[in-house]
Amino acid sequence: MERINTKWVAAAASIWIQSFSGATYTFAIYSSILKSSQSYDQSTLDFVSVFKDIGGTFGIISGFLYTAMTSKSRGFGGPWVVVFVGLVQWFVGFFFIWASVVGLIAPPPVPLMCLFVFLAGHSLPFFNTANVVTAARNFSQYGGTAVGIMQGFLGLSGAILIQLYHAVCGGEGNPATFILLLAIVPTLVMFLAMPFVRVYETVTISDKKHLDGLSAISMIIAAYLMVVITVENVLGLSRSMQIFSFILVLLLLASPLLVAVRALREKRQTLSSLDGPVLDTSALLDPPSSNIFPDGDHLVAEDSNILEAMSTVNFWLLFLAMLCGMGSGFATVNNMRQIGESLRYSSVQLNSLVSLWSIWNFLGRFGAGYVSDTFLHKHSWPRPIFMAITLGVMAIGHIIVASGVQGSLYAGSVLIGMAYGSQWSLMPTITSEIFGIRHMGTIYFTISIAGPIGSYILSVKVIGYFYDKVASEDDNSCFGSQCFRTSFMIMASVALFGSLVASVLFFRTHKFYKNLVAKRNLK
């Protein structure tokens with residue numbers, strides 16, 4: 001059992017789960033058929049999509065469940081229980097969305113459809129909590145890189161799921177079939193992988209090297225997917241080539257096992273030579289003697305519970321920054337297809353745009369974790385500075401999309417996607433460092449609730465309102481850059497405000513991060 005009971009096998013299993021759990025980012029693929037089959041207008045579709053975002057970020061329950069299932073006093077349980085609870089919600093949600101679209105059941109009332117969409121989305125916090133928090137605990141010295149890898153594969157999962165869709169259904173495909181695939185295939189993958197997701201509270205001197213190996217694999221997969229998507233968009237791919245390219249994706253996803261095998265081999269060699277002992281890091285997870293980490297006027301508390309965290313200014317600064325960043329990011333991806341249709345993009349171009357969003361999302365998630373870790377360890381740069389920078393970049397992306405010039409949606413989505421993905425890597429890592437890792441899952445997803453709140457305001461009250469205002473009264477359609485220009489200028493202002501809020505957090509925590517680096521260097 002030693003071969004499979006390692007944190008590297010756990011990391012590989014988490015990567016597989018993350019790689020198939022990002023259906024949130026493929027909503028644009030089936031949003032049109034959901035809209036037409038249920039006779040929704042744009043505001044109603046945006047309203048329904050918000051419940052996907054609410055479910056996808058409402059992780060308080062998953063956080064409490066993870067804490068309970070991984071407590072040292074509990075003999076039964078583990079992260080796999082959290083994954084399983086998410087798995088049930090995933091299948092039920094997507095199955096009934098599919099049944100509604102194809103007419104297997106009568107068109108449900110809007111509140112009931114919101115429930116189906118909520119369940120499908122609410123599975124994500126359970127997967128994310130189990131995988132991200134476990135990675136942060138297993139690789140505590142390089143939490144930014146580990147969290148970035150897990151969040152990066154979640155970002156890539158949208159492109160992976162669309163490649164699955166093309167392999168099964170061909171280029172144009174049938175969006176209803178895609179919903180059925182979402183209900184079945186990821187369910188099987190996650191069910192097989194979940195028993196291997198476990199907590200191993202150890203640190204070895206080779207952690208950085210093997211994490212770099214997983215990072216390299218993730219970059220190779222991202223580069224391969226980008227090439228496939230580009231070729232598919234420009235030249236087109238035959239059905240056989242689409243199947244072959246997806247098989248290669250599956251082989252690449254199996255390669256993290258090679259890292260696990262190499263790590264096991266090195267561990268045996270290390271133990272046999274008594275070189276580089278494994279250090280128990282359980283002390284890092286225990287409450288410190290003083291719950292307040294010195295930083296000016298006691299701004300940072302370690303191992304805070306959710307109520308203690310919510311009583312701090314830092315919590316609400318993070319919340320407000322995420323309200324602006326995640327909210328405008330959600331609003332963009334939810335309306336990606338409608339924006340493309342208003343600019344008369346073809347179906348293949350729209351699918352490619354959604355797939356490429358997953359690549360930019362991945363680069364932001366992985367890159368922000370890796371780069372912020374590097375600058376933190378080498379130069380003691382506080383992570384919030386990268387949050388401020390990326391939100392500024394997001395504002396620029398919104399302005400580019402608002403311009404409506406040819407190719408603006410492609411160029412703007414690159415910046416918005418990378419900046420949006422960065423928040424999902426930076427925010428949980430900052431949360432674990434400022435408030436401690438013990439209650440990380442609960443605090444992290446409580447802050448994430450800011451995303452759907454911002455998404456509701458920006459999607460329904462801004463994008464939906466201004467779209468319906470200029471849309472045709474006959475079929476509620478709109479064509480031209482005027483359909484979304486005002487909305488994206490407003491979202492640019494919101495993202496810029498979020499950047500200023502993150503800058504305030506940077507100035508409040510810069511002393512804390514210097515002390516944190518010094519503390520880690522002494523270990």
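A Cβ is built for glycine as well, from the same backbone N, Cα and C atoms used for every other residue.
TrEMBL: automatically predicted annotations, no manual curation.
Residues or ranges marked as domain 'Major facilitator superfamily (MFS) profile' by TrEMBL: 313-523.
Per TrEMBL, the feature transmembrane segment maps to 50-68 (among others). When Cβ-Cβ distances below 8 Å are used as the criterion, the transmembrane segment (50-68) is approached by residues 24, 27, 74, 77, 79, 81-82, 85-86, 93, 114-115, 117-126, 128-130, 133, 306, 326, 330, 334, 438-446, 448-452, 455-456, 459-460 of the same chain, each at least six residues removed from its ends.
Annotation comment: TrEMBL describes 80-104 (among others) as transmembrane segment. Here the transmembrane segment (80-104) has long-range neighbours at 17, 21, 23, 30, 33-34, 37-38, 55, 62, 65-66, 69, 113, 116-127, 129-130, 175-176, 179-180, 182-183, 186-187, 190-191, 194-195, 197-198, meaning same-chain residues at least 6 beyond its ends whose C-beta is under 8 angstroms from one of its own.
Here the transmembrane segment (142-166) has long-range neighbours at 11, 14-15, 18-26, 29, 128, 131-132, 135-136, 173, 177-178, 181-182, 185-186, 207-208, 211, 214-215, 218, 221-222, 225, 228-229, 232, 237, 242, 245-246, 249, 253, 351, 354-359, 361-370, 372-373, 376, 383, 421, 424-425, 428-429, 432-433, meaning same-chain residues at least 6 beyond its ends whose C-beta is under 8 angstroms from one of its own. For 142-166 (among others), the entry in TrEMBL reads transmembrane segment.
Residues or ranges marked as transmembrane segment in TrEMBL: 178-199 (among others). Using a Cβ-Cβ cut-off under 8 Å and counting only residues 6 or more beyond its ends in the same chain, the transmembrane segment (178-199) has close neighbours at 4-5, 7, 9-10, 12-14, 16-17, 20-21, 23, 26, 29-30, 70, 78-80, 83-84, 86-87, 90-91, 94-95, 97-98, 101, 120, 127, 130-131, 134, 137-138, 161, 164-165, 168-169.
Taken from TrEMBL, the feature transmembrane segment applies to 211-231 (among others).
Cβ atoms under 8 Å from those of the transmembrane segment (243-264) belong to residues 2-3, 6, 8-9, 11-12, 15-16, 19, 160, 163-164, 166-167, 206, 210, 213-214, 217, 220-221, 224-225, 228, 237 of the same chain, restricted to positions at least 6 beyond its ends. Per TrEMBL, transmembrane segment is recorded for 243-264 (among others).
Residues or ranges marked as transmembrane segment by TrEMBL: 315-333 (among others).
Summarising the annotation, TrEMBL assigns transmembrane segment to 353-372 (among others).
Tertiary proximity for the transmembrane segment (384-403) is limited to same-chain residues at least six positions away from its ends with a CB under 8 Å from its CB atoms, namely 321, 324-325, 328-329, 332, 339, 364, 368, 371-372, 375, 409, 411-416, 418-420, 422-423, 426-427, 430, 481, 484-489, 491-493, 495-496, 498-500, 502-503, 505-506, 509. Per TrEMBL, the feature transmembrane segment maps to 384-403 (among others).
Same-chain residues lying 6+ beyond the ends of the transmembrane segment (409-430) with a Cβ under 8 Å from its Cβ atoms: 132, 136, 143-144, 147-148, 151-152, 154-155, 318, 321-322, 325-326, 328-329, 332-333, 336, 339-340, 343, 345, 353, 356-369, 372, 383-384, 386-387, 390-391, 393-394, 396-401, 440, 444, 447-448, 488, 495. According to TrEMBL, the transmembrane segment annotation covers 409-430 (among others).
The feature transmembrane segment is assigned by TrEMBL to 442-467 (among others).
A Cβ distance under 8 Å defines the sequence-distant neighbours of the transmembrane segment (487-507), meaning residues of its chain 6+ beyond its ends; these are 314, 317-318, 320-325, 327-328, 331-332, 382, 384-385, 387-389, 391-392, 394-396, 398-399, 401-402, 412, 419, 454, 458, 462-463, 466-467. Per TrEMBL, the feature transmembrane segment maps to 487-507 (among others).
With a cut-off of 8 Å between Cβ atoms, the residues of this chain six or more beyond the transmembrane segment (315-333) that come close are 25, 27-28, 53, 57, 309, 354, 357, 387, 390-391, 394, 398, 401, 413, 416-417, 419-420, 423-424, 427, 430-431, 435, 443, 447-448, 450-455, 457-459, 462-463, 491, 494-495, 497-498, 501-502, 504-505, 508.
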